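Written out below as structure tokens is the structure these notes cover.
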Amino acid sequence: MSGFGKLLKSFSYAIEGMMHTLNTQRNMRIHFVVAFFAMLLALFLDLSKLELIYLFFSIVLVVSAELFNTAIEAVVDLVTRDYHPLAKIAKDVAAAAVLLTAVHAVIVGFFVFTDKFFPLQPRHWQTTGWMTYYVSFIPLGLLVLLLISWRAYVRFKRNNQT
Ligand SMILES: Nc1ncnc2c1ncn2[C@@H]1O[C@H](COP(=O)(O)OP(=O)(O)OP(=O)(O)O)[C@@H](O)[C@H]1O
């Protein structure tokens, strides 16, 4: 097979992987529907180049995470169908990555679209620009990170005592 033929073949395998994920993962279908409507909205709204880049990046991030998650699930199921704590960790961690990208996409969508739909925002938002209130989510993010870290620490201590 020629080099170009091999390249085409590898594309077709990648598309097969995407199709498989779409056919088997309900979450992937949800991501696709949400991404479709977000892009449709983006067509009609006057988004800046930066807003469009953020939007596409968020979509690609979620879809990629879901693809990796599906790959990890398949490998785990290949290794064992029985209950195993390591299998649980592998699947849960992969699912956490998807969740994180989805939360990120919701936040980006919120900031990109609220400007267009709700022009009557509090005054300081209008005067300081949307990057400023994007930054105002950082304390919330820090709080969530702290809470998760604290829970992980408590669990770690408990596991090491037993
Ligand atoms: N072999 C296993 N051993 C231990 N726990 C498992 C195992 N398989 C699945 N689990 C647990 O069940 C959860 C769901 O696993 P499952 O394979 O059904 O994924 P799923 O619900 O199809 O996820 P998704 O919706 O992302 O496809 C995992 O996150 C994990 O906590």
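Quick reminder: no glycine exception, Cβ is built from N, Cα and C everywhere.
According to TrEMBL, the feature ATP binding site maps to Tyr13, Glu73, Lys91, Asp92. Taken from TrEMBL, the feature transmembrane segment covers 28-47, 53-72, 93-113, 133-154. Here TrEMBL flags Glu66 as substrate binding site. What TrEMBL lists as active site, proton acceptor is Glu66. Summarising the annotation, TrEMBL assigns divalent metal cation binding site to Glu73.
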- prompt: Residues sitting near the transmembrane segment (93-113): Cβ under 8 Å, six or more positions beyond its termini, same chain?
  reply: 27, 31, 34, 38, 41, 45, 47, 51, 54-55, 58-59, 61-62, 64-66, 68-69, 72-73, 130, 133-134, 137
Field: Cβ-based isolation winner (fewest other Cβ atoms within 10 Å) among the binding-site residues Glu66, Glu73, Asp92
entry: Asp92
Message: Whole-number answer please: how many Å between the C-alpha atoms of Tyr13 (ATP binding site) and Glu66 (substrate binding site)?
response: 17
Task: Could you round the CA separation between Glu73 (ATP binding site) and Glu66 (substrate binding site) to a whole angstrom and send it over?
output: 10
- prompt: Do you know offhand how many angstrom separate Asp92 (ATP binding site) and Glu66 (substrate binding site) by C-alpha?
  reply: 13
Field: Euclidean distance between Cα atoms of Lys91 (ATP binding site) and the residue listed as 'substrate binding site', Å
entry: 12
Message: Let's check the environment of Tyr13 (ATP binding site): how many other CB atoms sit within 10 Å of its CB?
response: 10
- request: Identify which of the following binding-site residues, namely Tyr13, Glu73, Asp92, place a Cβ less than 6 Å away from any atom of ligand 1, and list them by sequence position.
  value: Glu73, Asp92
